[in-house]
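Note sheet for the following structure.
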Amino acid sequence: MLGQVVTLILLLLLKVYQGKGCQGSADHVVSISGVPLQLQPNSIQTKVDSIAWKKLLPSQNGFHHILKWENGSLPSNTSNDRFSFIVKNLSLLIKAAQQQDSGLYCLEVTSISGKVQTATFQVFVFESLLPDKVEKPRLQGQGKILDRGRCQVALSCLVSRDGNVSYAWYRGSKLIQTAGNLTYLDEEVDINGTHTYTCNVSNPVSWESHTLNLTQDCQNAHQEFRFWPFLVIIVILSALFLGTLACFCVWRRKRKEKQSETSPKEFLTIYEDVKDLKTRRNHEQEQTFPGGGSTIYSMIQSQSSAPTSQEPAYTLYSLIQPSRKSGSRKRNHSPSFNSTIYEVIGKSQPKAQNPARLSRKELENFDVYS
């Protein structure tokens, strides 16, 4: 109702002010708010030197310059940025017309010769009774892996001005949901299926849509899910390997300890250097474990002169059993202990002696090996 009143007032003003600035009949232009509006004059058959677009302001009882243009220069906009000038056809463009843009517009074209031509437009901008144009929706979503090769998809679709709008959901090209107020979608799909979703928002005059592909989310989750069994297998094999290695090390250590306990001790070798026949000492050598033995080396330097090079040396070997009688030299009483006695002498004709009849002094001249 208010728009009709404004229109009637403008028509009356047009009759009053017509002829005071712009001559001729006015072209009527009707538009709705929120859409671009272009005022284009008929073809001008003269060489243009300058132009001026003006709008009638009833409050000021005259015309107000919107923009000016001279040949070879840029347009000079004396109004706001909602107006622009198209040089090619001398048109005035209102980017988004509003109700306050209604009124009388006049175009003055000045030729090079100074002749002025005019064109008049009566503009009526009405508020649309229909909803505004739908904006592009904001579609967000994510995929989550589930058991048995399933993927859970969660989506949300919103617009800034959602009054009197309807929502429709598509998976690929298939319509899956037609509920008008359903801004959220939650469903389970197969991992190997289609994961491209489209949200369509519409009202009686326009519609917009937004598409989102969640294939990568579901595939990445599926690959992560398939990786877990391999990871578990690797961990189990590593644990088995480490356990086997630890058992082997323990078994080897116990085996070495057992071998060290059962293995016989090494033989003990005693070296004795006797330089003086008068030196007397008791030789004690005891076998501490069965089956063992010891070797006694006695280096004896006799007081007699060493054999000369003319006298050949002979070696006497005798196998004796040590006496059980205690004496100055103690021996092992084990039956398995045997002694080998040999003597290096410098006699020309060695004479074997009975080891059993040798005196202690004579026995000291022998080397004993066991």
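Just so you know, glycine gets a Cβ as well, placed from its N, Cα and C.
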Selected residue, Swiss-Prot feature N-linked glycosylation site, from candidates N77, N332: N77
Candidate set N213, N338, annotation N-linked glycosylation site, source Swiss-Prot, matching residue: N213
Message: Suppose you had to name the range Swiss-Prot annotates as motif 'ITSM 3'; which of 93-98, 105-110, 315-320 would you pick?
response: 315-320
- prompt: C151, C157: which one closes the disulfide with C199 in Swiss-Prot?
  reply: C157
Message: Suppose we draw a 10 Å sphere around the Cβ of N213 (N-linked glycosylation site). How many other Cβ atoms does it contain, all chains included?
response: 11
Task: Grab the pLDDT values for the motif 'ITSM 4' (340-345) and give me their mean, rounded.
output: 50
Field: Top Cα neighbour of N89 (N-linked glycosylation site) in the set of glycosylation sites N71, N77, N192, N200
entry: N71
Message: As a quick check of your reading of DSSP, tell me how many residues in the domain 'Ig-like 1' (22-127) are helical, how many are strand and how many are coil.
response: 6 helix, 59 strand, 41 coil
Among N164, N192, N213, which are recorded as glycosylation sites, the nearest neighbour of N181 (N-linked glycosylation site) by Cα: N164
